[in-house]
Amino acid sequence: MKYWLKKSSWLLAGSLLSTPLAMANEFSASFKGTDIQEFINIVGRNLEKTIIVDPSVRGKVDVRSFDTLNEEQYYSFFLSVLEVYGFAVVEMDNGVLKVIKSKDAKTSAIPVLSGEERANGDEVITQVVAVKNVSVRELSPLLRQLIDNAGAGNVVHYDPANIILITGRAAVVNRLAEIIRRVDQAGDKEIEVVELNNASAAEMVRIVEALNKTTDAQNTPEFLKPKFVADERTNSILISGDPKVRERLKRLIKQLDVEMAAKGNNRVVYLKYAKAEDLVEVLKGVSENLQAEKGTGQPTTSKRNEVMIAAHADTNSLVLTAPQDIMNAMLEVIGQLDIRRAQVLIEALIVEMAEGDGINLGVQWGSLESGSVIQYGNTGASIGNVMIGLEEAKDTTQTKAVYDTNNNFLRNETTTTKGDYTKLASALSSIQGAAVSIAMGDWTALINAVSNDSSSNILSSPSITVMDNGEASFIVGEEVPVITGSTAGSNNDNPFQTVDRKEVGIKLKVVPQINEGNSVQLNIEQEVSNVLGANGAVDVRFAKRQLNTSVMVQDGQMLVLGGLIDERALESESKVPLLGDIPLLGQLFRSTSSQVEKKNLMVFIKPTIIRDGVTADGITQRKYNYIRAEQLFRAEKGLRLLDDASVPVLPKFGDDRRHSPEIQAFIEQMEAKQ
């Protein structure tokens, strides 16, 4: 009875000492002679966890803590106490804890961690560790010596995947995983470089890999399998693996790396896209650099004789002669340069709108008898030329006496000669508007009045397709003759003129460059020009609008390149001094011209990247169908004066790619059903 009271008093004391001391869930962990099952119950109650205790768990707990513990520390303390007494805690999926013997824990449903996952404390876990460079078959026995195999610890390995499974307390498992990580790194440095003098590194790797394949290769761990990498830049082979295997492979490589019986290595490379002549200079520069880096110590002339690069234009191919290492480098360069280059469709819109109003009113005076004139340069016609033309246009009458053979007077005959209107027509041809001539005695007045109203709206849409980084030029216009000089003969009997021709119209020059992200950089030179005034070879004036720029545009995006807005108000007046200033009457001695002009010019551009034949075919079909639709519209309207005439029309797009009659009939039948 006394023994029972004594035992109960100790249990009560342990319970009081382990109760929370504050609302912050701090615990005092001191137990003396407490039954282990009671100890487990106290901890479960304090942590509010459900704990299932194996019936084989028996004993007493003696432990003292002088510091208060928080909830996490208290749980770690609980695990450590059970570990000391040979028990372990296994947490199930539903959060319930099981307390069992340590040796039984490794066969229970304990947590499984892999990769960088980690656990702490004395919790029993299983860690999966992947080993890359060391054989797990050799590593496992070493690890078993560092773990409690009689308790919860255990180490097993799986050869095909070269992995290790470690079961035990979390702290011990973490320590073994760290040991594996450090040991596994040592294998990464076991790499040897074998330089080749004659053979090609890539070809040597292919041969050695074929010879190294054995019947038991599938059962060999990945770590023990040798690995080969060809470094074509230095023409060497990198070998990793077991030292004995590496040594055997090095001997094999040296036996194969011998000089060829026939010196020289010739190769003909047929190009698919690049131009052979363009690649010759590039390859010569590459080969010279490779020979300089190789540094064989041979004379410069000997080195150059080793490499020969020529282009065969008829077959668009390259003929190469070089040592194997340089040959491989040049073939790699050719493979990277001989690619299908993208194309760019450049569509431009040039919009020019102009309107103008003007009026001209003037009076000119002239006298044939005295030769006096009052004329102005802004009227378009000179009264002097008009007066001369009028005088030459008059009929002339002549009277002539007629005599017989004996010189006897018979009669007078009168003949009238028609006037010459050539001079008058030339003078009047330059008149615009209305011109009225009034004769007052010897003086003649020429009144000229004209009013003009002009408006134009010009839309030009040139388009051109060009290769990436290629230059394309486009011109639509005409060549205008311009006199550049004149020379007379020695006796002024054979004068001649030198004439140059100037291109006038719409010019477009583009160099596109496709950049990352389907953006296109465009270097553009654009010009719009036309002839001003009479279309002759003397005093020809040209109007030119030119734009030079470099822009970045997204694929399929339209961008405005520039514009010009020009407004002019012009007024000119020519008059006779003093007389032209007289009110009202002064209008008879002056010529006035007023003009208002307004021009708008805008240039837009849109690039479209064409990377394949499908895109090119779609763009071509769109343009083709547009022209064909215009022709069909005109054909439907017909010709006004030729009812029976037929208007030519393009065939349907794709008719040139028709199939055999049987297949084509089937396709047309299916299209008709749709």
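The backbone N, Cα and C atoms fix where each Cβ goes, glycine too.
Noted in Swiss-Prot for the protein shown:
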| type | residues | note |
| --- | --- | --- |
| SIGNAL | 1-24 | signal peptide |
| REGION | 25-121 | region 'N0' |
| REGION | 123-187 | region 'N1' |
| REGION | 188-261 | region 'N2' |
| REGION | 264-338 | region 'N3' |
| REGION | 343-612 | region 'Secretin' |
| REGION | 395-417 | region 'Cap gate' |
| REGION | 614-674 | region 'S domain' |
Residue counts (helix, strand, coil, in that order) that DSSP gives for the region 'N1' (123-187): 27 helix, 19 strand, 19 coil
The region 'N3' (264-338): DSSP-derived helix, strand, coil residue counts: 40 helix, 15 strand, 20 coil
Number of helical, extended and coil residues in the region 'N0' (25-121), per DSSP: 30 helix, 29 strand, 38 coil
Whole-number mean of pLDDT values that fall within the region 'N2' (188-261): 76
